[in-house]
Every structure is written in C-alpha cells, then in structure tokens.
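Data block below; observations after.
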Amino acid sequence: MSDRLPHEKGFHVSWDQLHRDARALAWRLDGKGPDEGNWRAVVGITRGGLVPAAIVARELDIRKVDTISVKSYSHQEQREAKVIKPTQPDIMENGGEGVLIVDDLVDTGNTLKLVRELFPKAQFATVYAKPKGAPLVDTYITEVSQDTWIFFPWDMALQYVQPYRGTE
Ligand SMILES: O=P(O)(O)OC[C@H]1O[C@H](OP(=O)(O)OP(=O)(O)O)[C@H](O)[C@@H]1O
Ligand SMILES: Nc1nc2[nH]cnc2c(=O)[nH]1
Ligand SMILES: [Mg+2]
C-alpha cells in the first residue's frame with residue numbers, strides 16, 4: 001500500500017485546460033534549447049506525457065518525437081518505478097543533451113529520478129508539479145499541494161451532478 005493515500009483533494013483538469021497549460025509550457029520553453037534555441041528531440045514519458053509531449057512538439061516545431069515507458073502507479077497506489085520501454089539509442093547520446101523530456105506531472109519525483117539517471121543532460125518539463133518532486137523538474141506550469149490527486153481528462157467523463165439545493 002502507498003503511504004500517499006488518501007488524497008484529501010482532487011484537481012480535475014479538462015481537455016481545454018490541459019491544452020492551455022501544455023501550450024504555456026511550450027511558450028516557456030520556446031527558444032531555450034542549446035542549438036540556437038532548438039532541441040534535437042522531444043521524449044514523452046508514457047503514458048501521461050504523451051499528450052503534453054505532442055502539444056509541445058507541435059508548438060516548438062520539433063519533428064523528432066520519442067517515448068520512454070515508465071510505470072510506477074497502479075491506480076493511486078505507488079509501486080517501484082520501472083522502465084518498460086527505452087528510447088531509441090541515439091536519443092541517449094551525450095547524456096540526452098539537447099533533448100526535452102516531458103511528463104504530465106511530477107509527484108514524489110520517483111519517475112523523474114529514474115529517467116534523469118538515463119538522461120543526465122536533458123531538460124525536464126512537466127505541466128503540473130507537487131512540492132516533493134518539483135526540484136527534479138527544470139520547468140513546470142502549475143503547482144498543486146502534495147495531498148491533491150490530479151485527474152486528467154482521459155480518466156474522466158461528463159456526468160450529471162446534483163444541484164447544491166436539492167428539490168425535495
Ligand atoms: O513523481 P512520481 O511519484 O513518480 O509520479 C509521477 C508519475 O506518475 C504518473 O505516471 P504512472 O506511473 O501512473 O503511469 P501513466 O503515465 O501510464 O499513467 C504520472 O504520469 C507521472 O509519470
Ligand atoms: N493521474 C495522476 N497520476 C498520478 N501519479 C502520481 N500522482 C498522480 C496524480 O496526482 N494524478
Ligand atoms: Mg506517467
């Protein structure tokens with residue numbers, strides 16, 4: 001069992017909000033790459049990093065997009081982080097220098113710690129960050145408290161809610 005449960009609060013992110021926040025991340029990273037402001041590739045940490053990585057790659061016109069698959073959670077329970085699919089070998093050259101690594105969020109930092117060992121010279125960016133993991137990210141957009149669980153649009157559906165004042 002994780003010592004991170006239960007989460008007191010929920011932060012529910014819509015597709016629209018995620019798109020805005022991922023664009024804001026791209027805006028912040030624009031022109032900051034080592035080669036005349038450019039990065040040589042974007043790597044999304046699957047699965048959560050896939051959508052933000054695609055948005056950042058589109059905004060910054062980065063055509064080389066790869067993935068690294070890391071699994072560390074089963075629903076809200078944390079397990080040991082494991083790489084279950086690496087990137088192409090050329091992405092790892094020179095410690096990942098010039099590579100932008102994108103994830104949806106950093107929580108405890110376990111996932112990024114593992115990926116940073118593989119890419120010590122890469123730039124790390126997430127859309128959201130919790131305080132414990134925030135020092136492991138170079139750039140992020142929004143910080144939420146450690147006792148908040150972030151719900152992404154792909155984990156939610158529209159549904160009816162009761163009005164605050166019931167009709168008895
Ligand atoms: O900072 P940490 O405590 O390591 O947590 C952050 C990681 O947890 C989630 O991934 P998860 O392992 O749930 O897999 P998923 O991206 O496939 O949903 C999230 O997408 C981050 O990658
Ligand atoms: N969806 C989601 N996955 C996570 N993995 C670690 N923390 C979180 C979180 O707050 N939300
Ligand atoms: Mg993930």
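Note that Cβ sites are derived from N, Cα and C of the backbone, with glycine treated the same way.
Any TrEMBL annotation is an automated prediction that lacks curation.
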- In TrEMBL, GMP binding by Asp107, Thr108, Gly109, Asn110, Thr111, Trp149, Ile150 extends, among Arg79, Arg165, to Arg79
- Item | Spatially closest candidate among Arg47, Arg79, Asp104, Thr108, Asn110, the listed binding-site residues, to Ile150 (GMP binding site) (Cα to Cα) | Asp104
- How does the model score the domain 'Phosphoribosyltransferase' (14-160) in terms of mean pLDDT? 95
- Query: Is any of Arg79, Asp107, Asn110 (binding-site residues) within Cβ reach of ligand 2, i.e. under 6 A, and which?
  - Reply: Asp107
